[in-house]
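Structure first, then comments.
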Amino acid sequence: LNPWDVMLCVSGTAIACENALVVAIICYSPALRTPMFVLVGSLATADLLAGLGLILNFVFQYVIRSETVSLLTVGFLVSSFAASVSSLLAITVDRYLSLYNALTYYSERTVLCVHTMLAGAWGVSLCLGLLPVLGWNCLHDRAACSVVRPLTKSNVTLLSASFFLIFLIMLHLYIEICKIVCRHAHQIALQQHFLTASHYVATKKGVSTLAIVLGTFGASWLPFAIYCVVGDPDYPSVYTYATLLPATYNSMINPIIYAYRNQEIQRSMWVLFCGCFQAKVSFRSRSPSDV
């Protein structure tokens, strides 16, 4: 057994368990049907599928050796991780709109926008996953292989370019969100003639959280995306594993950042596991702009 494959399988198991819990909570709780939780559910579903894909890849690699199965597994993983990254972009857009169009955010137009974003994200992700299955692979041309076999160099270049584009869009949107948050704090300060300590702390916390969210995403995926572009298939496979493994950790961290910190999901977990939720305990419903 390759220890890197074992670590990827363990990572996939942890990812699947974490995100399966989030999906179960959202499906179990009728109150979690707002656009924000639909997006969180999409992210958890994509990460759940990615975790299952890592497990299946390990099983088929050591139990069923087949080129067809290998292509299907790689395509499944590409679709799942692409859907995860696309869902993160959709959540970022939703957070931006909840601040930029705060007065009209809670409307049917927002629901339509969310469903359109998700349909586009999953549609594009499915197409990207089907590319190697439909023939864009290097099974019959070893010279065209990339650092991720059996994907071709042009295939991983396309995937990396898509990631860089999404990362830049998210970076721009989070910068705009920071500007809006700081502007709101300044307006409150002008109305009250001074910036209170609580407003300063809240603003600083919001900006810090945004930096953590984007930093975690970039630190997880950037090394692998860069290596896919500059790497050579003749390089030792340990380089591919060493950059791919941190990328999988993003799907492990996503539930903590986007789900378990939310008080509505915490309450639903209480109800689901303990059945001892006390009605007198109040929880504040959080909007997408709460980060």
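In case you wondered, yes, glycine gets a Cβ from its N, Cα and C as well.
Model, not experiment: these values are computed from the prediction.
What TrEMBL lists as domain 'G-protein coupled receptors family 1 profile' is 18-258. Residues or ranges marked as transmembrane segment in TrEMBL: 6-29, 36-64, 70-91, 112-136, 156-175, 207-226, 238-260.
The average pLDDT computed over the domain 'G-protein coupled receptors family 1 profile' (18-258) stands at 86. Here the listed stretches are 6-29, 70-91, 112-136, 156-175, and the one with the most C-beta pairs under 8 angstroms to the transmembrane segment (36-64) is 6-29.
Across 70-91, 156-175, 238-260, the stretch most heavily in contact with the transmembrane segment (207-226), judged by Cβ pairs under 8 Å, is 238-260.
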